[in-house]
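Asker: Here you go, one structure.
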């Protein structure tokens, strides 16, 4: 133990940290100056009898502030925009002699200079960017106010009071939970740091509570639906709890840079008891496999109720939950998938693949890993801490990969800064650059201890970067927002800029992008279905008038989606003779029995093919990952697809394998249609079908979606979805 005494503040009169939205101390109902004379009753002065917040879903406050989708009976408004309240008094309000104001308080130690105590004066005209309240109706004993909040206001849940002045001091309404008011970021307000000027983008990146996340491999792109559910009951409070759990000072909660950085640390539980425990080892004891989750709602509600991390998540689950957190608070956000994503252990913009002298991959020496895909988030905001031009989309990553300022977090990193090589600007831009723009270097490890660079592939990493398209389920290619095309002058300048600002590059790969060879090699993998045999075809093209003999080596591996190999299940060496200007093909049969017993949950197989031309000693190298085609869950509905009407949902799954599936779980949910549910089946025999029925009553109209998943001991990553159009209930 350290002998250094703990720091104390007793003699300084310091105010303790104000870092909990949930904590609070009620303001006094009477704040009097001196004694009240005998015979004087304070009730004779102006007194508040009721406060009306117009907080129902159909009221103008929620409609105009785009918060009517929240399943929450409190007033929810967005900062920098006016909203309406009505105050009823014990007598008519006379502005010539009566004085009152509205007060908003957040946290336990409210201070006006910290933005945690907000006195809102009644003014004749509202001023842009400032708190104020204007009387727009004064009839009988009621006053209606147009209240304007600051576009820099703290985001959170405020307690509301009305204070009235008397000759003897202030009378204040009692604390009433019914008048609590949530204030969120406002992408519709030009003065807000998260302002987004395109309405379709706002509808997608703030208001859409259903999304799609892309996974699989560049050569075999898959997508799955994800229920963000940011408007579901309890989710807003759960997101505020995440910041409380981080002990984030309330005064910083109006800054989207700080909020998103705290969120990137708190969505993972690596070092701060955050939301999700990450697990990449295919063992999920005492928890739920990452592939079983169908959305964020269950995860956040469980975290809020238990106040302990939820087990388990991987990158797409973390990104889905982080997206819910950001959209719920009002920060425009989207999930990004980077195919062939580099995890560069030594941050040198270089992924080293070591080969043995016979051309096989040395898994012992190869430490860097190329993830088949990696998901992170982008959040939209201005960056006043950076030079002009680096605002807009910021990369934020909650997957715990590397330590940043003492915690596992990443970002916000300006996507524009990453593209142009300005990696000196905070936060974590060098790491993001490495993920999307490293070189893949093949190195032969000689027996004498020397290393020989055989080939450099400058296009493999960051092969494709995508997100869900606006207004649909398709894919939008955003690769060019992160990097210039390989070979362009701008790409070379961006890399030089990154090196100038401190990015490392162990090997000068300029001019080494492709080994000079008269022979081209490629290979294709036919459509591979889980539990079936398939073929790999390697093609050699001789572009010269020379005769060549080639020694080739194929390695098939069961891999985690992170690129880490679990088991080499197939090896095959073969020789090829290439006549001048000829083409030769070699087929390798992959039998189901060779891979099924080792298979991991995402059904990923990774193939390396290396070949050495005996006459020139040139080494050719290619790698490719495939995703086995996995059966889907089927969802059907019957009944009336109308708000408030019973609808029966049926989930079906047929086991296509020759083995019995054990410990089967089906998960089902749909924001606005049904709460998350799950059901267990002890086993499903080969070719057998299980059915599960649930009755629900939709409460949100319009386009909705049901998501389902199936997980078992030996088969996972099985999904299904169903689009619905829910009608409004006719008005009587």
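Using the three backbone atoms N, Cα and C, a Cβ is placed for every residue, glycine included.
From a predicted model like this one, the values you see are computed outputs, not experimental measurements.
Copied straight from Swiss-Prot:
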type     : residues           : note
REGION   : 1-26               : region 'Disordered'
MOD_RES  : 2                  : N-acetylserine
ACT_SITE : 315                : active site
ACT_SITE : 374                : active site
ACT_SITE : 397                : active site
BINDING  : 437, 439, 486, 491 : Ca(2+) binding site
CARBOHYD : 614                : N-linked glycosylation site
Asker: If you compare CA-to-CA distances from residue 439 (Ca(2+) binding site) to each of the recorded positions 315, 374, 397, 614, which comes out shortest?
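Answerer: Nearest candidate: 374.
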Asker: I need the nearest neighbour of residue 315 (active site) among the recorded positions 374, 397, 437, 614, using C-alpha distances.
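Answerer: Nearest listed residue in space: 374.
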Asker: Do me a favour and check the Cα-Cα span between the residue listed as 'N-linked glycosylation site' and residue 374 (active site); whole Å is fine.
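Answerer: About 38 Å separate the Cα atoms of these two residues.
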Asker: Express the distance between the Cα positions of residue 491 (Ca(2+) binding site) and residue 374 (active site) as a whole number of Å.
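Answerer: Cα of residue 491 (Ca(2+) binding site) to Cα of residue 374 (active site) measures 23 Å after rounding.
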Asker: Can you tell me the three-state DSSP label for residue 437 (Ca(2+) binding site)?
Answerer: helix
Asker: Round to the nearest Å and give the CA-to-CA distance linking residue 374 (active site) with residue 397 (active site).
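Answerer: Cα of residue 374 (active site) to Cα of residue 397 (active site) measures 10 Å after rounding.
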Asker: What's the number of neighbouring CB atoms sitting within 10 A of the CB on residue 315 (active site)?
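Answerer: For residue 315 (active site), the 10 Å Cβ neighbour count is 29.
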Asker: Could you tell me the C-alpha distance between residue 486 (Ca(2+) binding site) and residue 397 (active site) in angstrom, no decimals?
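Answerer: If we compare the Cα positions of residue 486 (Ca(2+) binding site) and residue 397 (active site), the gap is 25 Å.
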Asker: In the same chain, which residues outside the set 437, 439, 486, 491 have their CB within 8 A of the centroid of the CB atoms that define the Ca(2+) site?
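Answerer: The surrounding set, listed in chain order, is 458, 459, 461, 462, 483, 495.
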Asker: Looking only at C-alpha atoms, tell me how far residue 437 (Ca(2+) binding site) is from residue 397 (active site), rounded to the nearest Å.
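Answerer: Their Cα atoms are separated by 17 Å.
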Asker: Taking each of the recorded positions 397, 439, 486, 491 in turn and counting other Cβ atoms within 10 Å of its Cβ, which one has the fewest?
Answerer: 486
Asker: By Cβ count within 10 Å, point out the most packed of the recorded positions listed: 437, 614.
Answerer: 437
Asker: Where does residue 486 (Ca(2+) binding site) sit in DSSP terms: helix, strand, or coil?
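Answerer: DSSP assigns residue 486 (Ca(2+) binding site) to coil.
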